[in-house]
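Enquirer: The annotation Na(+) binding site is assigned in Swiss-Prot to Gly79, Thr82 on the grounds of sequence analysis. Taken from Swiss-Prot, the feature transmembrane segment covers 1-21, 39-59, 72-92, 105-125.
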Amino acid sequence: MPQGLALYCFIAAGGATGACLRYFVTTSVDSLFGKHMPFGTLTVNVVGSFALALLYGVIERYDLSDSPYRALIGVGLLGAFTTFSTFSVETLTLLENELWLKAAANVFLNVGACLLAGWLAIELMKG
């Protein structure tokens, strides 16, 4: 595994890629489904949860704990791709607009779907 500056460069490269992917996915999903519900954020969080659980399964299965992929993909790319802060602000905005059902649905969909996606990835890795 890279150390020092090289490790931070791996994380930064993954983070830049993940941020650009998040922007692309959220704007694409929002343009398809509209902005009445934050489906773009839900999409990146669910896909990211699945991908991170899958990555950790691959790392464990193939004993890649010293691999730079954990930093590049897990911390950098998927860390920037998923977004808990945006989920929080979007939920608060729904609450401020007194859209109680949409706010509750956003919380339950994000938490439930992300947990389900992670579980599915883990089960796939058990194979």
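Keep in mind that glycine also has a Cβ here, set from the backbone N, Cα and C atoms.
Tell me what's around each of these sites.
Expert: Classification of Thr82 (Na(+) binding site) by DSSP places it in coil, neither helical nor stranded. Non-local contacts of Thr82 (Na(+) binding site) by the CB criterion (under 8 A, 6+ apart in sequence, same chain) comprise Arg22, Val44, Asn45, Gly48, Ser49, Leu52.
For the transmembrane segment (1-21), same-chain residues at least 6 beyond its ends with a Cβ under 8 Å from one of its own Cβ atoms are 44, 66-68, 70-73, 75-81.
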